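Visitor: According to TrEMBL, the record shows the following:
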type     : residues  : note
REGION   : A:189-243 : region 'Disordered'
TRANSMEM : A:6-25    : transmembrane segment
TRANSMEM : A:32-49   : transmembrane segment
TRANSMEM : A:55-74   : transmembrane segment
TRANSMEM : A:94-112  : transmembrane segment
TRANSMEM : A:146-169 : transmembrane segment
């Protein structure tokens, strides 16, 4: 048996074992780690088929981005909300196993009985080497034959990101923003000039330190600039004008 | 099958796809189901690259790149939906979740 077949069987064994681990793991974090192992082995099979660029993309996008996202969501979701595995209904499990076995038989028969009808492409090893490698050849194909699809995919990603942000926003965002705006630090108005300002119009309070109104305030200087603290930024902007 | 042929990769792809499908059908945890869907997408990628490798065509790899991009968008939206659901419904059990409302 050639070496590459032995290596393929090793990779496939690890891949299928970790895929089964994803399905049967009780702890969702363990399932995520199993999924990382499975994706890394799929990247290894991509390398065996000469798709080096795709292998790197697989590692970066799947194990680097998507799985980290999944694990973050796992940490954010309350663990009490997660149902146990073994509470799955027996009917569900029997039907799932049965359908899986049937599909495996069908796909196995299809793979073993298939015939190649498509025309062979020109991406032979010599041509790819002439183009400079897998990445260069793939880039030429992506930016010439599949240019429109490439642009549409970028649009899909943009819409997906916007949709994810909108969906994941907290419910009462306005209140949260108004809460976070309290206690801001305003730069630029020396405390002494604010104390000397008259009271603002229509119920606005003058900008003095309300807890300890001191007639001779000591300005805190940071890097030569005077800093003052206010509790409400809206109040700050309505009092007087800057001298 | 002494030589390393496309059938090896196709059988691996089929096995991964069916394992993922069984996970979707038998598990009740929404996050595990999400991971199984990712597994199925990867199985399809594997067979795309395998067919491209067999036919000396780069279209398979190009298609796989598009699949990965769409899967990334799907992951972002799906995880956002899971987060919103966990905030409103207080459960991740697909048997309990019957609507996206409160």
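Backbone N, Cα and C atoms are what each Cβ position is placed from, and that goes for glycine too.
Annotations in TrEMBL come from automatic prediction, not curation.
Source: prediction; values computed, not measured.
Thinking about packing and proximity, how do these listed features fit into the structure?
Guide: Distant neighbours of the transmembrane segment (A:6-25): 31, 34-35, 37-38, 41-42, 44-45, 48, 85; these residues of the same chain sit at least 6 beyond its ends, with a Cβ under 8 Å from one of its Cβ atoms.
If you look at the transmembrane segment (A:32-49), the same-chain residues 6 or more away from its ends with a CB under 8 A from one of its CBs are 4, 7-8, 11-12, 14-15, 18-19, 21-22, 25, 55-56, 58-59, 62-63, 67, 70-71, 74.
Using a Cβ-Cβ cut-off under 8 Å and counting only residues 6 or more beyond its ends in the same chain, the transmembrane segment (A:55-74) has close neighbours at 28-29, 32, 35-36, 39-40, 42-44, 46-47.
Counting only same-chain residues 6+ beyond the ends of the transmembrane segment (A:146-169), none has a CB under 8 A from a CB of the stretch.
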Visitor: Could you give the residue numbers and ranges of same-chain residues that sit at least 6 residues beyond the transmembrane segment (A:94-112) on either side and whose C-beta is under 8 angstroms from one of its C-beta atoms?
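Guide: No residues contact the transmembrane segment (A:94-112) from elsewhere in the chain.
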